[in-house]
Amino acid sequence: MRIVFIGPPGAGKGTQCELLSKALKVPHIGTGGMLRALEPESGEQIHLRIDRGHFAPDDFVLQMVAERLSQPDSRTGYLLDGFPRTQVQASAFDKQLVAASLKLDHVLHLQVSADVLIERLRKRGETENRADDSEEFIRERFRIYEDRTAPLLDHYRCQGLVRDIDASDSESLVHASICECLNFTLASPAES
């Protein structure tokens, strides 16, 4: 299964991808983590952009994702978290899929109220010490999401791929909603 997760910062994309990855036995490919893991000398400018709440350049992300998707564990499917984030990335990814005779199965849109998101991001910033979760950057990240990523929903709705998920509940309830949406029966996360 090939699934893209779209949602604002703090919606739980990474958490839900991890849970679903174990169940489906496909890799969770999170571009945010991949970008944060770049060596400082090779990714200094990228880190500065991310620390300011901005996206990495499209061409850089497209190359990074293409390299990751070429690995053997991605052949049967994958869960994309943080990609695509822009119309340029989505259009280029569509072309890559067509060239490989592949298609996306779903785009899961994790929806959460602004109040819930702000609280989640504040807590995550305290526990994970992520510069991009500091209160100073939260609103800027929301603005960027609304301007550049949210419009991708229309792109994928036209393809009939978007499934809206209420992600304001607990981790386990959101996971159950995703499984129901995918018509997929799973053991609870505690059992896996």
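In case you wondered, yes, glycine gets a Cβ from its N, Cα and C as well.
Site annotation (Swiss-Prot): ATP is bound by Gly10, Ala11, Gly12, Lys13, Gly14, Thr15, Arg124, and the candidate from Asp73, Asp169 recorded at this site is Asp169.
Long-range neighbours of Pro84 (AMP binding site) (same chain, six or more residues apart, CB within less than 8 Å of its CB): Val4, Ala90, Ala92, Phe93, Leu152. For the recorded site, Gly10 (ATP binding site), the DSSP three-state label reads coil. Within the model, the region 'NMP' (30-56) shows a mean pLDDT value of 80, rounded to a whole number. Looking at Thr15, Thr31, Gln89, the binding-site residues in this record, the fewest other C-beta atoms within 10 angstroms of the C-beta turn up around Thr15. Cβ neighbour density within 10 Å is lowest for Arg141 among the binding-site residues Lys13, Arg141.
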